[in-house]
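J.: Quick one: the structure is below, questions incoming.
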Amino acid sequence: MKLLLFIFLVSFATGYELEVYRACEPIKIDTCKGIGYNVTSMPNLVGHDLQKDAEMQLNTFTALIQYGCSSQLQFFLCSVYAPMCNEKVSTPIGPCRSLCESVKNRCQPVLQEFGFPWPSALDCSKFPPENNLQHMCMDGPGEDTAPLPLSPVYPGRNPVVMGVGVVANPKKDIYPKNTFTESPEKPCSKYRNPDKFVYINRTGRCAQHCDADILFGKEDKAFAEVWFTVWSFLCFSSSLFTVVTYLIDGSKFRYPERPLFFMAMCYTLASVGYGIRLLGGRSDISCHIEPQHGINILTQEGLDQSNCAIVFLMTYFFGMASCAWWLVMNFIWHLVERKPGQKTYTHNVIQRYSSGLHLVAWGIPAAQTITLLVMMVVDADELTGMCFVGNQSSDTLLRFVIIPELIYLVIGAGFMASGLLSACSSTPNHTALVQVPAPQRGHSLHIPVQQPDTETAQSSKRLCIFSVLFFVPMVCVLCFHLNEYFSRELWLTQLQRPRIVEIFMLKIFMCLIGGVICALWVWVAKAAGGWGRCGRRILHRKQSTPAYLQTVPAVHHAAIHRSNHFIVDHKPQRSRHTSRNGSETMV
């Protein structure tokens, strides 16, 4: 023991060090695979204990790597966040100071152009000035413009640090070049007011400042807010009146008219989205601070603002659902307007397939909405501050607004045309046969009477008129979206501000007029009479005996069915016919 202790003290005093082994692990970060070495160790040079944490931090430099400011940037970042490991070296092997300074000289101006300083974690003074036996480091592969001589890489072996640098053979395609069509200094220079735009690397698009007036002036925005406030209130009140009327007297909304109730409900909730935008304020709904630049911009990813996402859900989902229910309404009308001899689709028959109709009318718009939220393509409108789809991107406007509206419109118009042709070619069979149960002791006998179903015929005519009334604003809205798709780039790049505010005012009007049309159906169908009956029930709740039962003798205990049919009362062995005006005919 004394001998061993003596040897240890002598070795320590003479400067000999015991050999230290370091545990290495394979590189799991995708960005750092195939850069010349394949093992690393944690913690890295910035203090991360897990490769997963290092990868999350490294992904924030993806846009800068794709920008191509330096061909050594990717190697430099990997040498910091996933430094090379050698089991015989006690410390991780990171970049040399010369590699850091070379990358910094090329990429720091780019970061400053976008308003970012050089990261403090990448301070070049922290790295060794040169590679030697005391401080091993990597000089990197060198810039493409002036490549350094590299030693060959031996298959199956880790690179070895030499005095002149690191043995490496990085792939040339991992250093992407700048692919922007615009100037790197001014990527938004194609627009009329480039100083009012800022380029967002995350989305790859130019976003305008929140308070900038690009296509519309302050007067236009103030008038637009008043305009959509008035029409959203009219749409909300009219469609809500229709919904409450259905809840009071739902018998007036039988198939094929029932889809009008769901359309009214869609317009009610869509107009609520306009109300949320009005109460929340323009800047709080449509704007947010971009972390890359620290500038308040019109949002391009609606999930950044919860209020913006809510406005989008209310307007987009229920707007598309109203189009889907219009299609369903025309499909049902197409089934009802059948020629004599074909299957008759009554309310009860259609009711059995109502689950499938609801699945189509609600499911397809829901799938569209979920897709947009996942893709994060919800953006804000400059004129109204509403959050929708395609306000700033023509591509999303085409795929998620124009194409779905066109599909709903074409298919619905086909069913509408089929219903019109069937109604004009022949008289539909609107004859109703009243079914009467078998007589039993103590109950009334209802004799079947066949009479023309004039109510169904009138309902079919009204349905034809209102289907066309909904068709007109849908066509107009589609035309406005097509015009915006083909003309947006021209509006943004021409020297003078275009006069297009009237087009957008008419578009808002056409989007909200459907709620007023739903209320017109209620008045035409005289369904508002349910409001009167509801009021009379409230005013006469305390009345003991209804008026229509006071004419019935008290001695009759059998149930009497009050209708336009013969009634047989088995208990008194007499029958009588009661007409609507109260007169009776004894039999």
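Glycine too: its Cβ is placed from the backbone N, Cα and C atoms.
Okay, so TrEMBL annotates it like this:
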type	residues	note
DISULFID	CYS24-CYS85	disulfide bond
DISULFID	CYS32-CYS78	disulfide bond
DISULFID	CYS69-CYS107	disulfide bond
DISULFID	CYS96-CYS137	disulfide bond
DISULFID	CYS100-CYS124	disulfide bond
DOMAIN	24-140	domain 'FZ'
SIGNAL	1-15	signal peptide
TRANSMEM	226-248	transmembrane segment
TRANSMEM	260-276	transmembrane segment
TRANSMEM	309-336	transmembrane segment
TRANSMEM	357-378	transmembrane segment
TRANSMEM	398-421	transmembrane segment
TRANSMEM	463-483	transmembrane segment
TRANSMEM	503-524	transmembrane segment
J.: Three or more CB pairs closer than 8 Å, sequence separation of 6 or more: does that hold for the transmembrane segment (309-336) against the transmembrane segment (398-421)?
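T.: Taking Cβ pairs at least 6 residues apart, the transmembrane segment (398-421) and the transmembrane segment (309-336) are in contact, with 3 or more under 8 Å.
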J.: Rounded to the nearest Å, what's the C-alpha distance separating CYS32 (disulfide bond) and CYS85 (disulfide bond)? Just drop the number here, would you?
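T.: CYS32 (disulfide bond) and CYS85 (disulfide bond) have their Cα atoms 14 Å apart.
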J.: Are there residues of the same chain, six or more positions away from CYS124 (disulfide bond), whose CB falls under 8 angstroms from its CB, and which are they?
T.: ARG97, CYS100, GLU101, LYS104
J.: Going by C-alpha positions, which of the disulfide-bonded residues (CYS24, CYS69, CYS85, CYS107) is nearest CYS137 (disulfide bond)?
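T.: For CYS137 (disulfide bond), the spatially nearest of the disulfide-bonded residues is CYS85.
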J.: How many other Cβ atoms are found within 10 Å of the Cβ atom of CYS96 (disulfide bond), counting all protein chains shown?
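T.: Its Cβ shell of radius 10 Å holds 25 other Cβ atoms.
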J.: Tell me the Cβ contacts of CYS24 (disulfide bond) under 8 Å, same chain only and six or more apart in sequence, or just say none.
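T.: In sequence order, the residues whose Cβ lies under 8 Å from that of CYS24 (disulfide bond) (at least 6 apart) are VAL39, THR40, SER41, CYS85, ASN86, GLU87.
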J.: In whole Å, how far is CYS96 (disulfide bond) from CYS78 (disulfide bond) when you measure between their Cα atoms?
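T.: Given the Cα positions, CYS78 (disulfide bond) is 13 Å from CYS96 (disulfide bond).
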J.: Can you work out which residues elsewhere in the same chain, 6+ from the ends of the transmembrane segment (226-248), have a Cβ less than 8 Å from its Cβ atoms?
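T.: For the transmembrane segment (226-248), the far contacts come to 260-261, 264-265, 267-268, 270-272, 274-275, 278, 384, 386, 505, 508-509, 512-516, 518-519, 521-522, 527-528, 530-531, 534.
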J.: Please compute the mean pLDDT of the model over the domain 'FZ' (24-140).
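T.: A mean pLDDT of 86 is what the predicted model shows over the domain 'FZ' (24-140).
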J.: Of all the disulfide-bonded residues given, CYS32, CYS78, CYS85, CYS137, which residue's CB has the most CB neighbours within 10 A?
T.: CYS78
